[in-house]
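Taken from TrEMBL as is:
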| type | residues | note |
| --- | --- | --- |
| COMPBIAS | 109-118 | compositional bias 'Basic and acidic residues' |
| COMPBIAS | 129-138 | compositional bias 'Basic and acidic residues' |
| COMPBIAS | 217-231 | compositional bias 'Polar residues' |
| COMPBIAS | 245-255 | compositional bias 'Basic and acidic residues' |
| COMPBIAS | 256-267 | compositional bias 'Basic residues' |
| DOMAIN | 45-77 | domain 'SWIM-type' |
| REGION | 109-165 | region 'Disordered' |
| REGION | 204-290 | region 'Disordered' |
Amino acid sequence: MIRLLTPIIKSRLEKARTKSKNWKPIWTGDNGYKKFEVHGHPTNYMVDLGKRLCTCQFWMLTGIPCVHACTALSRVNKPPEDFCHCWLTMESYKKTYNHHINSISGQPLREHAEECNRPHAPKIKRKPEKLQMKRMMDSNEQVGRGSKKPKANPKPQSNNGDNVHLKRQLETFTCSFCSEKGHTRRGCKKTRVVDIVAVAATEADKKKKNEGAAPASEQQPTGTALATSDAQPVEIDISQPTASEAKDSQKDYRMKRPSKLSRRRRSSLLAISGPVNPMQGASSEDLPIT
């Protein structure tokens, strides 16, 4: 008697039966005609119809005859529906849903268990990101974690002091030039005066150089110093340069390039004048015998 199978199991069994045509069953010679060796690609399998086993383990796990079992059953002329497990038939399916099913109320109408704790969400691990270059702010300094730049017109602060931004309290600056507090060297007024005086001195030296006179810093007293009643020396400067200074000014101290060396020419071989006797100077022993 052929068992009635469920539609899904029946479709799987039909697929296995169509693929079984590519396999070849060979009887092993037992008395019960139940053991077969199925040959095909890529390997061979052993099928035992009496124990309902196959070396591929598909028949034992699912309860449905595999492709190799279907080839052996076609050799014996037996339907594969009879070798399926009893749980896969329509009779067992009807017995499963024969009894009544208890109704279940909705989730909001269920009783809450106070003894058990509520499940918490798992901790989210922070992914590797770029290092933060901003200063770590305290809890009372944070304005808004989402906004990077402060708003132009912030909202009025609450009395509780939740959104309060405190400025950094810095010490008073001291100038490194005049050692006064309240400003730095960059904004010091005395440094500006010194720079203006230095610029004026350099411009005066440039004018004197253009006129032909030495600058005030390079001038040396060449005359005699006269002592007055107040013991203040008086120097007499000579505007005209001396002869030695004139010669030094005419000298050119630039590095001169050395002159190029003359190229060497290969000496040609001296021409030999007159014929040369190759046998000249040879001994009597070296001469050929005639």
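For all residues, glycine too, the Cβ spot is worked out from N, Cα and C.
Whatever TrEMBL says is automated annotation, not expert-curated.
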Secondary structure tally of the domain 'SWIM-type' (45-77) (DSSP, helix then strand then coil): 15 helix, 6 strand, 12 coil
Local confidence of the domain 'SWIM-type' (45-77) - pLDDT mean: 93
